[in-house]
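Q: So TrEMBL lists the following for this protein:
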type	residues	note
SIGNAL	1-23	signal peptide
DOMAIN	26-231	domain 'GH16'
ACT_SITE	GLU116	active site, nucleophile
ACT_SITE	GLU120	active site, proton donor
REGION	322-356	region 'Disordered'
COMPBIAS	332-346	compositional bias 'Basic residues'
Amino acid sequence: MKKEFVFSLLLISILIVVSVASSSSILRKNLPILSFDEGYNHLFGDDNLVTNSKDDDGKTVQLLLNKRTGSGFVSQDLYLHGFFSASIKLPADYTAGVVVAFYMSNGDIFERNHDELDFEFLGNIRGKDWKIQTNVYGNGSTNIGREERYGLWFDPSQDFHHYSILWTQSHIIFYVDDIAIREVERSEGMGGDFPSKPMSLYATIWDGSAWATNGGKYKVNYRYAPYVAEFSNLVLHGCTVDPIELSSLTCDMSTNNVDFDILSSDEQSLKRTTLSSDQRVEMMKFREKHMMYSYCYDHIRYASPPAECVLDSRVAKRLQQFDPVTFGKPPTSHRGKGGHHRRNRSSSRTDSVVTI
């Protein structure tokens, strides 16, 4: 009882700070960063995954794409709600057809009704900017699709930038450099499509020539290979879940895990974990300037917009200037299908990873 009381006080203290500053910035800067060996497994790509163990204790990972294969890694644990973040530097020069993804999925466990939260980075021809896409799928709702696509205010291939996902019982927030770019709130309109089952964290690079750049007009050109995406400052912070029983294992102080279920159960706490008025204004400015596509305004896919959409005629008019969007998926073995690679953190290492 005393432990629970102390934990509650700790949560209140954290939330008070979060309420007056960027929740992403506070969480990201105060949470532990795991090395690759501590938190992740090799998913696919053989020696196309490289860790730099000498310079930073294995906390930076390179994912390579060449003509032979892409590559990827997956968290050792499943999580139910939490905060997940990475500093990512994308490949430079000609990157058409290249897709880099930082996402959560449970497709290896729930093959017919999986959940998914995605950052997808879509390459481009020389002189054109990378695009970023966020996807929210719940309960297998890929047929509806809740995708959005944006430009960025910086070149993501020149330096590392921070990309974060906050996932609670009631809402999901995507951040870029601690600026909220999208918030998805659980609503009656979504029905059962709000992601609510435990997920693993994934990072991958792969060939999306069929759709990623101008609907597949421009393909990956392997003369520019290898394409290298670098991941650093990886944060895994949430309630770990038993992969067999799918029940929460750790939601207490001893594991440094913030229990987002507890936060969500209290009305005042829930209010504090949402965006402040200033953060919401900042998010709207980003969306007004950089959003290029939203599923809510896609009249080709939907005769009537999905029930949760609230339309704005000004946004609809602005989005008309952009070309229609084509979507695609990688081979299933590269996305949410890493269950046979999963191990808990106490088990021995089995997958080969190149270190330099």
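Heads up, the Cβ atoms here are built off N, Cα and C, so glycines get one too.
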Q: Across all the protein chains here, work out how many other Cβ atoms are within 10 Å of the Cβ of the residue listed as 'active site, nucleophile'.
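A: Summing over all protein chains shown, the residue listed as 'active site, nucleophile' has 22 other Cβ atoms within 10 Å.
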Q: Can you tell me how many other Cβ atoms are located within 10 Å of the Cβ belonging to the residue listed as 'active site, proton donor'?
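A: Within a 10 Å radius of the Cβ of the residue listed as 'active site, proton donor' lie 22 other Cβ atoms.
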Q: Tell me, what is the mean pLDDT of the domain 'GH16' (26-231)?
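A: Overall, the domain 'GH16' (26-231) comes to a mean pLDDT of 95.
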